[in-house]
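Participant: Per TrEMBL, the features are:
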DOMAIN    10-199  domain 'Thiamine phosphate synthase/TenI'
BINDING   Asn73, Ser112, Lys145  4-amino-2-methyl-5-(diphosphooxymethyl)pyrimidine binding site
BINDING   Asp74, Asp93  Mg(2+) binding site
Amino acid sequence: MSRHVIDVSLYLVLDPDLCGGLDGMVETARLAAQHGATVVQLRAPNWKKRQWLTCAQQLKTVLAPLNVPLIINDHVDVALAVDADGVHVGQSDLPVQVVRALLGPNKIVGLSTNNLGNVTELLSPEIAASIDYIGVGPVYPTTTKKDASPVLSHDEMAAMFASCTARGVPAVAIGGIKLGTAAPLMAAGANGVAVISAICGQSDVPQACRDLLREIKPAQ
Ligand SMILES: Cc1ncc(COP(=O)(O)OP(=O)(O)O)c(N)n1
Ligand SMILES: Cc1ncsc1CCOP(=O)(O)O
Ligand SMILES: [Mg+2]
C-alpha cells in the first residue's frame, strides 16, 4: 500500500465542550475549513455512539465540498458508517494494522506517539506500512486532554520529527499549541500542528486560523 498524501499543516481536532455542543462543532469545522484548516478530526471522548454518528454525518456534509478530510478519533465503526476519510488511533486504541484491515487501503490512518522509543518501534516496516501520519505530543502542557502523557522535551520531539521524516511519515505536533508556539515546532521539524483550544471556542475562528497559518507557513 502506498502512503496517502495528507496535508497536516493546520489540523483541527474538535471538542464538544469548547465548541458548545454538536452544532457548534459543525460550525467551527465549517469556518476553520473555509479559512485554511487542512484536516478536521471528530473527537468527543464522553459522547454516546449515536451522537458520534449524527455529528460525523453533518461534518462530512460540510467538509466534503471543501475537500478537507474528516478523520474520526478512535471509532472505526463510525468512520465506516459515514464513509469518513480516515481514523486516528493512539497507544490504547485498536492497533493500526487492525484499523487498516478494517478500513481498507483507501482511507487515512493516523497514529499518536509520545516518546522516541515508541516512534522507533512504531515506524517498524510493518507498522509504517499501515499509517499515513503520526501525531507527536504533548509538545506543551495541555488541559484539554485529561490523561495526556508527560510533555516532551524539545530534543526528544525534534528527534521524533527527524525519525518520522527519515521514514517519509508526516509528523503533526499536538498539545497546548497556541499562537506564538507553532513556529518553533515547524522549525523543530514538524510538518504541521494539531490544535483544539487554539481554535475551538475562539470568538473569531477565521482569524484564529489565519493567525496560526501565518506562523505555520510564514512565506505564504
Ligand atoms: C492528531 C492527533 N494526535 C494525537 C491524538 C491523541 O490520540 P490518543 O492518544 O489516542 O488520545 P485520544 O485523542 O483518543 O484521547 C489525537 N487525537 N490526534
Ligand atoms: C488530543 C490530545 N492529544 C495529545 S494533547 C491533546 C489535546 C490537545 O488540545 P489543546 O490543543 O487544547 O492543548
Ligand atoms: Mg485514541
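Each Cβ is built from the backbone N, Cα and C atoms, and glycine gets one as well.
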Participant: Sorted by position, what residues of the same chain at least six away from Asp74 (Mg(2+) binding site) have a C-beta under 8 A from it?
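Facilitator: Result: Arg43, Val87, His88, Val89, Gly90, Asp93, Leu94.
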Participant: How does the model score the domain 'Thiamine phosphate synthase/TenI' (10-199) in terms of mean pLDDT?
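Facilitator: Taking every residue in the domain 'Thiamine phosphate synthase/TenI' (10-199) and averaging pLDDT yields 95.
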Participant: What number of additional C-beta atoms lies within 10 angstroms of the C-beta atom of Asp93 (Mg(2+) binding site)?
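Facilitator: For Asp93 (Mg(2+) binding site), the 10 Å Cβ neighbour count is 17.
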Participant: Just to be sure I understand the packing, how many Cβ atoms besides its own are within 10 Å of the Cβ of Asn73 (4-amino-2-methyl-5-(diphosphooxymethyl)pyrimidine binding site)?
Facilitator: 21
Participant: Once Asn73, Ser112, Lys145 are set aside, which residues in the chain still have Cβ within 8 Å of the Cβ centroid of the 4-amino-2-methyl-5-(diphosphooxymethyl)pyrimidine site?
Facilitator: Val13, Arg43, Asp74, His88, Gly90, Gly135, Ile174
Participant: Consider only the binding-site residues Asp74, Asp93, Lys145: which of them have a Cβ under 6 Å from an atom of ligand 3? Write none if no residue does.
Facilitator: Asp74, Asp93
Participant: Just the binding-site residues from Asn73, Asp74, Asp93, Lys145 whose C-beta lies under 6 Å from any atom of ligand 2, please, or none if there are none.
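Facilitator: Passing the 6 Å Cβ check against ligand 2: Lys145.
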Participant: Might you list, by sequence position, any residue in that chain lying six or more from Lys145 (4-amino-2-methyl-5-(diphosphooxymethyl)pyrimidine binding site) with a Cβ less than 8 Å away from its Cβ?
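Facilitator: Expected: Pro138, Gly175.
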Participant: Return the residues near Ser112 (4-amino-2-methyl-5-(diphosphooxymethyl)pyrimidine binding site), defined as same-chain residues 6+ apart in sequence whose C-beta is under 8 angstroms from its C-beta, sorted by sequence, else 'none'.
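Facilitator: Ser112 (4-amino-2-methyl-5-(diphosphooxymethyl)pyrimidine binding site) has long-range Cβ partners His88, Val89, Gly90, Gln91, Ile134, Gly135, Val136, Gly137, Ile174.
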